Structures are given as C-alpha cells and as structure tokens.
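Enquirer: Sharing a structure here in structure tokens format.
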Amino acid sequence: MHTIVQQALEPYISKEIMELHHTKHHQTYVNGLNAAEEAYAKTEDVKQKITLQSALKFNGGGHINHSLFWKNLSPASQDGGKLTDGILKDHIIKTFGSVEEFKKAFNSTTAAIQGSGWGWLGLNPKTKSLEIVTTANQDPLTTHVPIIGVDIWEHAFYLQYKNVKPDYLNAIWNVINFKEAENRLITALN
C-alpha cells in the first residue's frame, strides 16, 4: 500500500504507530470495502444495497484517505518537511500570508475537529484558491482537490502524543511531502 519504511518517520511519527496504522487500521478499511463491494454485487435486494452504502462510504473513504496520506509523508532525512520555492509555496503565501500562518491556521482548524476526522489543504475547483477544510470520520474530500491530508483519528497519534493533538500536528509538518503536494496542485491547476 505504501512504500515508507515505518521507522523512517521517527522521531515525528513512531515506528509502532506507523506499523499499526498501516497494517491494522488501513488494512481494516480495505477489508471492509472489499466485503461491502462483494455483498453489494451479490444482492438484488434494494434495502440491502441501501444498507451497504454506509459501509461503502466509510471503508472506501478510509482507503482513499489513507492511500493519499501515505503519499503525503516523507522522511525528514529526504524531502519531508521541506517546502521549497515554487507554485505551492507561492499559493500558500498568497492565501495565508506566510507558511507559518498557514500551518497555524491548518493546525487550529484541524485540532478543533470533534471526534475523528481529517484536516485538508484543498484546492477549490471554482476559485482555484487553496482552502483549509475538514471532514468527519472517513469522509473523503469531495468539494476540493486534496493537496495535503492529515489523519486526525486517535490511531494516527495517540500512542506517541496521547490526547495532545497540537503536538502531533506540529510534528507532522516535519514529514509532510511537499513535493507530492506541489505535484497535486500543479495537476489540479492544469
């Protein structure tokens, strides 16, 4: 599913979190999605198909979100945390005033999620501007083009950061793959 060696994100995200997150949590969404798709394909009962929609959305969203999340991450020893001059940095500064102000706004908005969800930097397809958006649970981002997504479910940080979401959010910027994010932005703008 992803190519990051689990310990490569330390000390910002522990090896234990990465192993559990990838092999247990993400895999559970994949398994749930496969089971729901199989049940949906086998049934002719409309009520059963309607009932399966929530499992398809939840598990499908979990798989989509996590697949993007793994691509969002890169070891700090490589490109993680390095936002170089370019179109992404220009758009962030234009929208938020500075990279630091963007991170503060993103962290504040994402930390305020009640319960579980995701924080996103997304491109509004109508205005072509960057916006910070949140989604609940495993809902995928459908209103914007996802540029950066951060998992704010407790399984993403609790073993290391306990209930202190802001510490996790501050740390994750050290392993965000800004090159990948910039490529997404370039693709979305073209």
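Cβ atoms are placed via backbone N, Cα and C, with glycine included.
TrEMBL lists these features:
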- 7-74: domain 'Manganese/iron superoxide dismutase N-terminal' (DOMAIN)
- HIS21, HIS66, ASP151, HIS155: Mn(2+) binding site (BINDING)
- 86-184: domain 'Manganese/iron superoxide dismutase C-terminal' (DOMAIN)
Enquirer: When you measure from the Cβ of ASP151 (Mn(2+) binding site), how many other Cβ atoms are you left with inside 10 Å?
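Expert: There are 25 such Cβ atoms around ASP151 (Mn(2+) binding site).
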Enquirer: Kindly assign HIS155 (Mn(2+) binding site) to one of the three DSSP-derived states: helix, strand or coil.
Expert: helix
Enquirer: Enumerate the residues of the same chain, HIS21, HIS66, ASP151, HIS155 excluded, that satisfy the criterion Cβ within 8 A of the mean position of the Cβ atoms of the recorded Mn(2+) site; list them in sequence order.
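Expert: Near the Mn(2+) site, the remaining chain residues are HIS22, HIS25, HIS26, PHE69, TRP153, ALA156.
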Enquirer: Are there residues of the same chain, six or more positions away from HIS155 (Mn(2+) binding site), whose CB falls under 8 angstroms from its CB, and which are they?
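Expert: The list for HIS155 (Mn(2+) binding site) reads ILE17, LEU20, HIS21, HIS25, given in order along the sequence.
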